[in-house]
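S.K.: Below is one structure. I have some questions about it.
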Amino acid sequence: MSTIARKKGVGAVLWDYLTTVDHKKIAHLYLISGGFFFLLGGLEALFIRIQLAKPNNDFLVGGLYNEVLTMHGTTMIFLAAMPLVFAFMNAVVPLQIGARDVAFPFLNALGFWMFFFGGLFLNCSWFLGGAPDAGWTSYASLSLDSKAHHGIDFYTLGLQISGFGTIMGAINFLVTIINMRAPGMTFMRMPMFTWATFVTSALILFAFPPLTVGLIFMMMDRLFGGNFFNPAAGGNTIIWEHLFWVFGHPEVYILVLPAFGIFSEIFATFSRKRLFGYSSMVFATVLIAFLGFMVWAHHMFTVGMGPIANAIFAVATMTIAVPTGVKIFNWLFTMWGGSIKFTTPMHYAVAFIPSFVMGGVTGVMLASAAADYQYHDSYFVVAHFHYVIVGGVVFALLAGTHYWWPKMFGRMLNETLGKITFWLFFIGFHLTFFIQHFLGLTGMPRRVFTYLPHQGWETGNLISTIGAFFIAAATVILLINIVVTTAKGEKVPGDAWGDGRTLEWAIASPPPVYNFAQTPLVRGLDAFWLEKMEGKKELTPAEPLGDIHMPNSSFLPFVIAFGLFVAAFGFTYHNDAGWGLPVAILGLLITLGSMFLRSVIDDHGFHIHKEEVLEL
């Protein structure tokens, strides 16, 4: 049986994506879902900025403002940035290491559907009484008091389901990169984006379990009468802060390290030279990940840990600036002496350096424990983390979208529209967040929904809101670009930019279902570039052409995740309604039954015969 033939019709395409285990199509699913949640989180941000545009505004007040604020942060971190990072990991990493798929294709699909249904469950709260309203960190002191509706319960269960999917993805990429690299691809010949994915997956493996434990504790307290965080019964709300931030700070690097990997690929490609200091970049990536687990309590300087603990975490936090600085200078030296081509991805890459450095500088300021008593819970902190997350991660996601779009879809996004998007986004970003440093320094606290006239915050907030509309305009133009490209964009060859250095650019755009007809032989770093420099148009094969084994599609990942989605509703309402417990049991039976079917039914996949490959 073969699935090489393109399927026609909306129904066939929909079924294909619902049942796919192909890493490239799963990348499309992550990209579409993450893009949707990015738009949703952006809309929530726009509502926040409209409310704060003038004093005593009543556009979005009180509890509703708290819900929108909470969902903005939660959506952007867990449901937009994370899946978009996973989209590029899925689309690119197997191609960069010369593999035909990931190690566990079924688990890859299950990971996506777990994320999707977790995010869907979380957003159902909007229509079922109210969304989470305790901030994206959902501190226990606020969450346990939020009993007016089930918003926090949607938060705890939705993030658990989504988090399980993320952990599955991390395990999958660790095994894939360790076991499935093409012959000759040693660890020190891997592209930087693959290195970033490898280290990030290890981070996820250790960072997400503490969050999962915290969410289980929170769920037990709220739904089953537990007292983990209830001081009146001997619990401690500070435990939640430690559990959350042991996850929360590594989460920054879970997002930023893949961004660094994307920029490393872009700088090398469009400077038309090898990445400067490759070995030091690898070690800096590993060191950042290691130090990332030693700094979580800098979020808690004002909690009362004492001067010794504060000093230790302050020094550890400042230390992370060293390997990050190594990366910044290596990118600059990569451009130095290069023949730079200023494409849309390169615009984002160059703009990232000053933007991210500004976020890093304010990070070192916040790392001073004594000074943090002034900065804490002010708009200075809001400005800082947006300079890091938007200036680092979102710039990288936009750069990666333009850079790998032709590889994923076979068509080039319009460069003129791309550069208009960039300039609007760049100007809007700095307009929105630069002024917020000064709002914070003049005393504006974060999370407030209004302020009085004559406090000196009117002008800054108005400028910030105007900047947000620039970002919105940039997003609209990006969507127009995608629609126009899909309708009539120019088709591209395998090496879409003409300067590709890594293996993904050596095959067709978009790649065939099997990726590589023959597993390539890797003879050095920047393997495709080496072949081109020797005048070869194709990679050197490491094996003769033969039949290719591929996994079958399966509907079970969708059903397993859907079962947990159903069960989550039952657990949420089991104290309020008689149907709660039966629905929870039904959902678990759907999930466990599907897992049983997966265990007992033999599925050996199928083969694509070499004659079919030759025809293509």
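Note that Cβ sites are derived from N, Cα and C of the backbone, with glycine treated the same way.
When I checked Swiss-Prot for this same protein, it listed these features:
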type     : residues                       : note
BINDING  : His72, His386                  : Fe(II)-heme a binding site
BINDING  : His249, Tyr253, His298, His299 : Cu cation binding site
BINDING  : His384                         : heme a3 binding site
BINDING  : His384                         : Fe(II)-heme o binding site
TRANSMEM : 28-48                          : transmembrane segment
TRANSMEM : 102-122                        : transmembrane segment
TRANSMEM : 158-178                        : transmembrane segment
TRANSMEM : 243-263                        : transmembrane segment
TRANSMEM : 275-295                        : transmembrane segment
TRANSMEM : 303-323                        : transmembrane segment
TRANSMEM : 349-369                        : transmembrane segment
TRANSMEM : 380-400                        : transmembrane segment
TRANSMEM : 420-440                        : transmembrane segment
TRANSMEM : 463-483                        : transmembrane segment
TRANSMEM : 553-573                        : transmembrane segment
TRANSMEM : 577-597                        : transmembrane segment
S.K.: Quick one: of the binding-site residues His72, His384, His386, which has its CA closest to the CA of His298 (Cu cation binding site)?
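M.R.: For His298 (Cu cation binding site), the closest Cα among His72, His384, His386 is found at His384.
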S.K.: Which residues, same chain and not among His249, Tyr253, His298, His299, have a CB within 8 angstroms of the centroid of the CB atoms at the recorded Cu cation site?
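M.R.: Surrounding the site, in chain order, are Trp245, Gly248, Pro250, Val252, Gly292, Val295, Trp296, Thr317.
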S.K.: Can you say which of 380-400, 463-483, 577-597 has the most Cβ pairs under 8 Å with the transmembrane segment (28-48)?
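M.R.: The stretch with the most contacts is 463-483.
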S.K.: Any chance the transmembrane segment (102-122) and the transmembrane segment (553-573) have 3 or more Cβ pairs under 8 A, given the pairs are 6 or more apart in sequence?
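M.R.: Checked: the transmembrane segment (102-122) vs the transmembrane segment (553-573), in contact.
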S.K.: Could you name the stretch, out of 158-178, 243-263, 275-295, 380-400, 463-483, with the greatest number of CB pairs under 8 A to the transmembrane segment (553-573)?
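M.R.: Answer is 158-178, with the largest number of Cβ pairs below 8 Å.
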S.K.: Taking just the CA atoms, what is the gap between His384 (heme a3 binding site) and Tyr253 (Cu cation binding site) in Å?
M.R.: 15
S.K.: Let me know the DSSP-derived helix, strand or coil state of His384 (heme a3 binding site), please.
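M.R.: Its secondary structure by DSSP: helix.
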S.K.: By a Cβ-Cβ criterion of under 8 Å, what residues six or more beyond either terminus of the transmembrane segment (275-295) are in contact with it?
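M.R.: Beyond its ends, the transmembrane segment (275-295) has Cβ neighbours at 188, 192, 195-196, 199-200, 202-203, 206-207, 246, 249-250, 252-253, 257, 260-261, 264, 267-268, 313, 316-317, 319-320, 323-324, 326-327, 330-331, 333-334, 336, 525.
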S.K.: Around the C-beta of His72 (Fe(II)-heme a binding site), how many further C-beta atoms are within 10 angstroms, looking at every protein chain?
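M.R.: If we count other Cβ atoms within 10 Å of His72 (Fe(II)-heme a binding site), we arrive at 20.
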S.K.: Taking every protein chain in this structure into account, which of the binding-site residues His299, His384, His386 has the most other Cβ atoms within 10 Å of its Cβ?
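M.R.: Counting Cβ neighbours within 10 Å, the top one is His384.
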S.K.: Could you state the whole-number distance in Å separating the C-alpha atoms of Tyr253 (Cu cation binding site) and His386 (Fe(II)-heme a binding site)?
M.R.: 14
